[in-house]
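Following: one structure in structure tokens, then a few remarks.
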Ligand SMILES: NC(=O)C[C@H](N)C(=O)O
């Protein structure tokens, strides 16, 4: 099994060596699996369980003071599962797999996704807070958590951080936008011969409006897969969704470009269309590996047990 993982595109990480060791472990864990879906979920599980990443434990906190998780998963046969806006769910990629394999749907949201997880034995009610996220949250001037603050009050505050309204989701250059842990979304592409799975898991963007869902659980945006290969993205989810970034990368593979070119082109297209920053990992069906980003950093790891 060939596996590539990313730990999010953004600024340079505080402890890159520790994070790299975890990414290496995640890729190695995935590469031991028997099939690409199991590989993808196992690799993301390593990272969702670690508090350094903005996925599972350590997930970003939304404007009402609740961390919620999102994940999406797709295989080369175009089977898709995604789950989003889940409070207390660490193993979001497991829930995405459940949606793919146990339901006739492609996405389940909110409390119903949490109930589905519980019904199938995925742990719920997990405390996703860490010391670092608590500290960061406590330092933010957020309107009192609902129900005392209205959605309108939250929106006013959120608009100030993200630039407000439609248009680019790049945070205001004033500096109150994305911070050091916003880039720690995690993603994976796994390949066994000509079979693929691509998956992404996140807590989303810090202090986004309660209930906000980004690119990660949207097929073609945070993840995509076909017989040509697979891709997983990271960055400002609103902008990634506007250009369906993962789908673009895989479309390049389908037009016979290799993984390296597909990754570069997808980032260029995202930047041209939105002015935003993002990163992507890609595997193609000739064994090619692609990774590209226009942010300051994106850590990745590759493992291949062949
Ligand atoms: N850092 C990230 O990759 C965030 C993620 N794409 C989101 O917008 O939810």
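Here the Cβ of each residue, glycine as well, is placed from N, Cα and C on the backbone.
Feature annotations, courtesy of TrEMBL:
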ACT_SITE  185  active site, nucleophile
BINDING   212, 213, 214, 215, 234, 235, 236, 237  substrate binding site
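Locations of recorded TrEMBL features on the structure.
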| residue | record | Cβ neighbours (10 Å) |
| --- | --- | --- |
| 185 | active site, nucleophile | 33 |
| 212 | substrate binding site | 20 |
| 213 | substrate binding site | 19 |
| 214 | substrate binding site | 26 |
| 215 | substrate binding site | 32 |
| 234 | substrate binding site | 32 |
| 235 | substrate binding site | 33 |
| 236 | substrate binding site | 28 |
| 237 | substrate binding site | 29 |
Distance, residue 185 (active site, nucleophile) to residue 215 (substrate binding site) (CA atoms, angstrom):
11
The record lists 212, 213, 214, 215, 234, 235, 236, 237 as binding substrate. What's the largest Cα to Cα distance among them, in Å, rounded to a whole number?
16
Could you tell me the C-alpha distance between residue 212 (substrate binding site) and the residue listed as 'active site, nucleophile' in angstrom, no decimals?
15
For residue 185 (active site, nucleophile) and residue 234 (substrate binding site), determine the Cα separation and express it in whole Å.
6
